[in-house]
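Per Swiss-Prot, these features apply:
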SITE      19  site 'Transition state stabilizer'
ACT_SITE  24  active site, proton acceptor
BINDING   75, 81, 88, 102, 103, 112  substrate binding site
ACT_SITE  101  active site, proton donor
């Protein structure tokens, strides 16, 4: 049976490819989804890839993932730095969560240096461009095997 990984994306990630390409690169979220699904096939994983600009929807998806998946990769966007709700949703589920970011958030503005969700996650990957998603999938495959 193929294991499922949820890949969740937060606010403004639907704007990838248009939004600050000097920071985030030229790939769209659809491009990243295709890359994740291809990597998933190579790893024997089923990838459930989603994006929402709404915090409550992301919380609901964490709850759903706990029933349907073996792990979650999350690029929470700006919610990384503000969301106690996402922190609590991650703590509430029994499967591992990996936080990821396209850019190196620690080399950017001071307000991006603190993650509200990192303490609830198994690990954090950032700064490798869109490849951060693939690294997160490899990490989840390794810790759920």
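The backbone N, Cα and C atoms fix where each Cβ goes, glycine too.
A simple Cβ count within 10 Å picks out one of the binding-site residues 75, 103 as the most packed, and that one is 75. Between the CA atoms of residue 88 (substrate binding site) and residue 101 (active site, proton donor) there is a gap of 20 Å.
Of all the recorded positions given, namely 19, 88, 101, 102, the one with the smallest number of surrounding CB atoms inside 10 A is 19. Across the structure, residue 81 (substrate binding site) and residue 101 (active site, proton donor) are spaced 12 Å apart at their Cα atoms. Distance between Cα atoms for residue 103 (substrate binding site) and residue 19 (site 'Transition state stabilizer'): 13 Å, as a whole number.
Taken residue by residue with DSSP, the residue listed as 'active site, proton donor' is part of a strand.
Counting every protein chain shown, 16 other Cβ atoms lie within 10 Å of the Cβ of residue 81 (substrate binding site).
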